[in-house]
């Protein structure tokens, strides 16, 4: 009896831990929604101040003249919309319980081996039961009730864990989209400041349609913004893993730490590469090409050491090398040709590739879990 009681207590503890995880995910979603509200308010404030006159200005993004501030604000608002939709989807995670529907345990059995229509834990099943059924559930021996409770706890704990995972995945996707929206917001601020420097508010010359030039200082600011975005997206997850590793001499953990160091180096050089793409014109051609070449070669050389052996390591390396060349070579060509708009497009494309990777990661993780379950059956 003591052994059964101990097992029952452990099941309850596991149930409580997973339930706390769900509450923690909901708290995270609430805080993220609050952050989104503040960011949206900041953008609306920017549009309502004197800076609003710069929203429709065209900028000399050679070879075009584009309303970059307006484009950036549009990207920001679309990102905010997508992030909010993902957070709301996570907040309203499906409440169908795999333990009693849509799972191998869709017809749970009672202690006698007969199908059960009742659950002692799932509120929907309790609500669907008649008063007599609910009373009958408890008018049994304590051993039968305990055995069914253990079965319900096992199934409901796994269901709650799946709900927590669903919420966690939506949070990851929303944060990735929100990070890109923040980048767009920062780009809008940089271009608005460029317009304010070229055409102060209230100046008579600014009452006519004008085209704002992009100075070297603002190109360096754009490069810094994109570099920070890339470094945060690639490097911060590796740092988080490093902080979660205990300081031991375990051989496996030493290998993981080595991978993390190479991942951090890759994040650094990838960030420097994307940032450097936006620095020209502003540097001599040969210096700019040398920097871009060094950063591209270093990032491609380091990447294979930042992932585990096996599991498609060669394919991933080939994909990263191809993407790096697809971004670097056109940007270098357009930079020498004086077409800054396409340099900006290449940098934005690299940022979009990181966003796509972050959005697809939860899906790949889900497929991996499903394959593992299918292989175990």
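Here the Cβ of each residue, glycine as well, is placed from N, Cα and C on the backbone.
Keep in mind it's a predicted model, so treat the numbers as computed, not measured.
What TrEMBL lists as domain 'Pycsar effector protein' is 11-191.
The annotation transmembrane segment is assigned in TrEMBL to 32-56 (among others).
Marked as transmembrane segment by TrEMBL: 68-89 (among others).
Annotation comment: TrEMBL describes 175-197 (among others) as transmembrane segment.
The transmembrane segment feature in TrEMBL is assigned to 217-238 (among others).
Sequence annotations record features per position, and here TrEMBL assigns transmembrane segment to 259-280 (among others). Only residues 6 or more beyond the boundaries of the transmembrane segment (259-280), in the same chain, are considered here, and those with a CB under 8 A from a CB of the stretch are 219-220, 222-224, 226-231, 234-235, 238-239, 241-242, 288, 291-292, 295-296, 298-299, 302-303, 305-308, 324, 327-328, 331, 335, 343-344, 346-347, 350-351.
Look at TrEMBL and you will find 286-307 (among others) tagged as transmembrane segment.
The transmembrane segment annotation in TrEMBL covers 314-334 (among others).
Under the heading transmembrane segment, TrEMBL lists 340-360 (among others). A Cβ distance under 8 Å defines the sequence-distant neighbours of the transmembrane segment (340-360), meaning residues of its chain 6+ beyond its ends; these are 61-64, 66, 172-173, 176-177, 179-180, 183, 214, 219, 222, 226, 229-230, 233-234, 274, 277-278, 280-281, 323, 327-328, 330-331, 334.
Within the same chain, the transmembrane segment (217-238) packs against the transmembrane segment (175-197): three or more Cβ pairs sit under 8 Å, each pair at least 6 residues apart. With a cut-off of 8 Å between Cβ atoms, the residues of this chain six or more beyond the transmembrane segment (286-307) that come close are 259, 262-263, 265-266, 269-270, 272-273, 276-277, 279-280, 313, 316-317, 320-321, 324-325, 328, 331-332, 335-336.
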